[in-house]
Structures are given as structure tokens and as C-alpha cells.
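Undergrad: Below is one structure. I have some questions about it.
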């Protein structure tokens, strides 16, 4: 579809032609060409039906294949009939280390973070809705599903990155109205109310996107220089597109000069009220850059209008943003409490003034802007190993906040003021039988907020639960069978290495094969997983069941998931994650392509534990650098019901 995206470096809107969603929900009208999908709001117990119509042009690489291995059918534009086949070409060999991107116009849908069935018409990413076809998804949200910040996006293997980076993503918010009782925890939503007027604290949903378009030349092809590298310069009469996988890769986001958009808008301005508790729901819906977020007061004596003028009218290039931030966005940082990770309320918050999001991450923040005036949403620098780009990232500007009102607080009083407001809500709104427990929790710490009665997961996965169960091992590898050649995007299950064609590789690594079940897991079991990467860092994401972080060990064996840990390069993205529940985690390494040796070192060890609850069927795990996933860094996982006879019922949550 046609649309326009603002480019601050040119001070104009660039014409683009991208794949995208248009549509409506019960609460939102039909939208057009904003390159962000409508937000879907649900409640526990809801059944949500989403009719996905594929109006993209016919794509020959999406035509039917031979019969597959029990997966859902592709929907063929040629036949309009259902044939049992996987979403990717069956002919690919299990021994291959690379899976070429394909079927750019086939699509499907994934409810990222949703604890729902992965099969049939539910959260099934193993089907392909091909051009000219429609498919109705039905998501059954159980009565006990956690309330939280989720999102949805296309997930057709072979074209996921190309479509998500075009803006095919939207927020999916599960709202909660369940107050805590003596026997069960409740939803954080029920506490976040002003007790005097019964109004919910204001919310902002922030969907970050990285739309990495390049422009077509007079010949209708992507513009390139003499070395066949993409020429990212777009002129007013040209059209930006995303049509080729060499638009992705290390360094391409920085080279493109594109800007992170929020809810489909580049450099948006949010509105807030001074001294008011607000919830910010952050979603990293991008593909190719780590996002850090800070809120900073505009420098004293400067105005938001002046900042707008320089940002919107000054032909602001990304490489020049650092100087502007130093000039105008150098005021006090705004503190916040991180209260949820990947849609799951934490049992206790994390106190911070910066948060790091990798692709697929979500964080919920509670904050208060201390005074009226203008604030910058900035992206401070990120270290090389802490970034998915594999390169150090500089400052960037993400947006603005215009704060009105006469109330004010001192930054040092933020946590006591927030605690007082939450205690006031608890005293007036929470059931009498749990009220004092909640207030006691809120008073437990001077610098963080305990939310035990609002967390969906409060029982750690114990040693007893995993006793007798095998440990799952995952190792990522992106590199080459030959020096300076990136032809491997694969996953292995053995931490040993072997030499292939003179290059050290993890043993028995394989690229994705739609016919192959890589991991089979027993329903109701609990297991420990260890994740590593032997070449560049990768965000690990698994569908259906979340996991608990046990520890994250750096190359020297230090647990960097403990509270307050900052690494030597300034990276603190893991601090405080120990014991938290997530569905996506950054598998960090210091190893670059070509650096793996006979004795692997300089990698991190991520230890997780998880429970396989309620849902059976086949789903996937993968790297959430989505062009890595499309090229083979994905696996099929299946949870099965045991046929053994034993005295066992569903365990407690």
C-alpha cells in the first residue's frame, strides 16, 4: 500500500510503497497507510476472531508444495483449497545451514506473548495464507490468562523480517479487572486507579518500529552504487520499498539513516500531566536495532517549541542527533519503576532511569513527570556487545513529551510519592481481606515497589520440579563456512564444536526444516534450559509458555542478572532480571564471526526454567532478529501428552 513516512533529515515526507495492515477492531475505525496495525484490546475469557485477508500480489514462491508432516495447510491463490503442507518448502534438506528467504507475499499472524493454543485456528504460525486467500484466527483467552502488554505481527517463515519491518505489527493488550483475593492474585490494572475520581491512571502504548525502506531508481530496481551496495538516499520523486534481504544485516540500520517510529509516527509528541502517575507500555516491534529509552527534561531556558523547530525544520541527520541532544536534552533524567516484563507483572519492580529493549521485548513502566515543560525521549548509547547490531550505537532521538499542569515533585521524591499514591489506591479500592497484605508489600522497600499479589507467577520453578528431567541446550550460530562469507544461520543442541572446511562450528547445527521436530517436550513437565551464542548476540524467543530467569553468567562466571550489576562496558540490561519471567531474552556473546575456536570462550550462559502447561501441539522457538529467523535460525518444538500411566494431575501454577 502507498503512504508517507516523515524523514527529519530531509524535512519532508518520503513516499513509500510497503506491505501493511489496514483494518478495524470493535474499538477502532478503518485506518489507512500509517504502517502500524490497530491496537487489539481484550479481557480474560474473551474469544477474539481476526479475519486475515491477503490482498498482496501473487507470488510464485508461495505455490503449493508436496504433502507435509501434519502441519496446517498453506492457502494457495491458485487453488483456493486447503492442502496439508508446511509454510516453507518441503524440499529443503535437514543438513543445510541456510534457508533462503522466500514467499514475500505469503503471510500469517502471531500473538506474541499470548498463553493460548499454538494449533488449529489459534496462534498457529506454521501455516501460510497465500495471496488471494483469507483465514480467520480464533484466539481463546482463558479466564486465568495474565493481563499484560502483548503484540501481534506476521510470522510467515521466509518473509517475516521483510513484512514486520514494513510495519505489519500492532499492540495486543490484555486488560484485567480481577482484584486479589485470599486464594488468588489479581491484575495490576485494578490498583492503577485514582481512588478519588475512580479514573484509571493514564496509559501510553508505545510500539517502536524500524521501517528500513530504500528507494527505487528509474529502472524500477533498488538504487545501488558501483559495488552493488544499497544507495539509501531517497529523493522526493522516488518511492521507498522493502523488497530485498540485503536491506537487512549488520550495520544496515545505521547506514540507512532511517528513524525509529512510534505508533507509525517519526518523532511523535506525547502529552502528560505533571505529578500524575502514568503507565507506559513499551513494545519493541522493530527488527534491526537495540533500543534504549530515557526521558530527559529539556535544558533549562529552552522550550519544546525550539526543540521541535530544530528537529522538524533543521534537516536533522541521525549522525548529528548527539549534538542536538547535548544542546537541548541535557536536563534531569525522569526515573521510573519497571513493573512488568514481556507482559508479566513482576513480583517487585526495578528502579531505573533507562530501559533496554531488544526486538520482541516489552516493558511496562510507572512514572511521573516532575514538572510541567518539555521532555525528550532519547536513546542513549549502547555498547557493541549489548547491541544486536554488533556495533556500538550512538545517541538518537525517539520523540517528545509535552507536560502540563501545576503540580510538581522532586526527582528524589519519586518512589515515596508513587508508593503513597498506590497505598491510597489500595486502602480505598482493594478487598478488605487482602488490603493489609498489599499495603505491607508496598511498604517493604525504600527504593522499589513490591507487587506480590498482582504477579501471575510467584512460585519459582524449583529443583524438585526439574529433578529427573533432561536439560535443554540451545546454541545460536551466525557466520560462514568460509572466511568473510555469511552462509550459516542455524541452531544446535550440543555445546561442543567441530571443524568443517577449516572453520569451527557448533556440533550438528542445522537450519530450519519445516518437516523436522527439533524438540519434543512432555506436557506438565518442568525443565531447565541453557542458552549460548557462539557468534554474535541473538534475542531468543519461544512461543506459548514463558520462562523464569535463573541466572545470566558473563564470560568470567559473574551473574549479571543480579540487582544493580553494570558490566565493564556500561551495559546494565540484565540487572535485576534474576527470578523474573519473560518470553524473550538476549543471548549475549563477545564472539564475532570467525572467532570461535576449539575451546569456546567469551560467551554468556543464560539459565532458564519453564513449565509446559495446558497446551499441546507444535510451535517454534527462534532468534528475534527476524532476518536471522527467515534464513534458518528457527526450530519446531512440540509439546505432547504422555502415554504413560501414572497418578498425575495438572500441577499448581
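Just so you know, glycine gets a Cβ as well, placed from its N, Cα and C.
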Undergrad: For which of the residue intervals 61-96, 97-132 does TrEMBL record region 'Disordered'?
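TA: Going through 61-96, 97-132 one by one, TrEMBL flags 61-96 as region 'Disordered'.
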Undergrad: Limited to the domain 'Plastocyanin-like' (508-637), I'd like the whole-number average of pLDDT.
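TA: Mean per-residue confidence for the domain 'Plastocyanin-like' (508-637): 97 out of 100.
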Undergrad: Count the residues of the domain 'Plastocyanin-like' (508-637) that DSSP assigns to helix (H, G, I), to strand (E, B) and to coil, and report the three numbers in that order.
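TA: Each residue of the domain 'Plastocyanin-like' (508-637) counted once, the result is 5 helix, 52 strand, 73 coil.
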